[in-house]
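According to TrEMBL:
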BINDING   SER10, SER16, HIS17, SER18, MET96, TYR97, ASN98, PHE99  FMN binding site
DOMAIN    5-198  domain 'Flavodoxin-like fold'
Amino acid sequence: MPYALRIDASSRHQSSHSRKLADRLEARIIESCAGLTVRRRDLAAEPIPHILDKTIAGFYTPPSQMTETLREATAFSDTLIAELKGADTLIVSTHMYNFTVPSALKAWIDQIVRVNETFSFDGEAFTGLVPVRRAYLACAYGAAGYGEGGAFASMNFLEPYLVSLLRFLGIKEVRAFRVEGTTADETTIAEAHEMAERQLDAAFRAAA
C-alpha cells in the first residue's frame, strides 16, 4: 500500500507551529490521494544518531568488502533509506533554527544522503536515486520576512537548502509552505496560520 513518510523535526510537540502546519498539509494529502497511509518519524521523540567514523567508512566501502562492524555501523542508515525510498510522498516539518535546519533533521539527512544508495556520481554528474514522487515542506519561522522578497530572505538557509537537497536526491516535485512570525503576539500568529491555510487551499485546488 502506498504511504507518505512524515518527518517531524521540531523539538516542540504541542506548541510546534511546523507540526501544526504539517497536520493540515497531511490532511489535504490524504484527501487527495485515496488509499495513502502515513508513516511517521519523530526526530525529537526518537533522535537519530549522528554518523561516526565507522559509519562513513561503511558508506564508502564496496559491498564485497564490508565487514560485520561496518554492516552494523550502516544498518540504521539502511533502515532509514529503505523507509524513504519506499514512500510515495515525503512530508518534512521543521522550524528554522539559527537560519537553517535543526541538528535533529541534519542527523537524519546525513544518514540518508549516501552514495550509490540515494545518489550516484559518474565522475561528471550526480544522479538522484530516490523514487519518491513528491515532497512537501512545512516550515516555521520565528520572525516574518524570510520569504522571497522579504527583509530576511537572504538569511533563509532552511527552505532553499531542503529544496535543493531533495531535488539532488531525485525528487522532482518539491513544494514548501511556511508560517512566519511564530514568536509574535497571538493575533499575528493566528493571522500567519490563516495565511498558510489559504496557501494550502490554493495549492491543492490547483492540483485537483
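Each residue's number is its place along the chain shown, starting with 1.
Just so you know, glycine gets a Cβ as well, placed from its N, Cα and C.
Source: prediction; values computed, not measured.
Features as recorded by TrEMBL, highlighted on the structure.
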{"residue": "SER10", "record": "FMN binding site", "DSSP class": "coil"}
{"residue": "SER16", "record": "FMN binding site", "DSSP class": "coil"}
{"residue": "MET96", "record": "FMN binding site", "DSSP class": "coil"}
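Set side by side, the binding-site residues TYR97, PHE99 differ in how many other CB atoms lie within 10 angstroms of their CB, and the most is found at TYR97. Within the same chain, residues at least 6 positions away in sequence whose Cβ sits under 8 Å from that of HIS17 (FMN binding site) are SER10, HIS95, ALA140, VAL179, THR182, ILE189, HIS193. In this structure, of the binding-site residues SER10, ASN98, the smallest number of CB atoms within 10 A of the CB marks ASN98. For SER18 (FMN binding site), the count of additional Cβ atoms within 10 Å of its Cβ stands at 26 [all protein chains shown].
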